[in-house]
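Below: one structure, written as structure tokens.
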Amino acid sequence: MKCLQCQNPESKVLESRESRDGRTVRRRRECVSCGHRFTTFERSEEQPLSIIKRDGMRELFNREKLLKSMGIACQKRSVSPKSLDAIADWVESTCHSLEDREITSQKIGELVLEALLKLDPVAYVRFASVYRAFSSPEDFVLELKRLTEKAQSKNDFLLELQRDV
């Protein structure tokens, strides 16, 4: 890494810190020539993820596109940008943990829905309405019915567990 002041390619590392997620290292450096101090960030290069769209076309995974679509679903909701970043991190790391470097857009959509359901049910329904291409009010009603049934079965299960204890 060249010094920003004198362009000398040699520097010494003064301090290194790993990020919380363990994917990035922050290094504080000092130029051996002029003494200028600067910070660098290092992370390992991962194989790019290829997304297979519904029409069969392929495109590279785009984190900004993912954040934008979740942001639209969360408009005027009390969902922090940090929460959306955390979901994007989780979706991306989940996709990278799969053996295949090609992931369908449906798989990504399902991962986002799973996370949004835990975060904000209204944002979940908004995202689902676009992702699943709702075309009528009945589609919303069916989705809400599924959510209610899912919540009820979870509550029934928890009640059953409490009775057994």
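Glycine is no exception: its Cβ is also placed from the backbone N, Cα and C atoms.
Unlike curated entries, TrEMBL annotations are predicted automatically.
Owing to the predicted nature of the structure, the values given are computational and were not obtained by experimental measurement.
Database features, via TrEMBL:
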DOMAIN    49-139  domain 'ATP-cone'
ZN_FING   3-34  zinc finger
### Secondary structure composition of the domain 'ATP-cone' (49-139) [DSSP: H/G/I, E/B, coil]
57 helix, 9 strand, 25 coil
### Summary
For the zinc finger (3-34), the DSSP residue counts stand at 0 helix, 16 strand, 16 coil
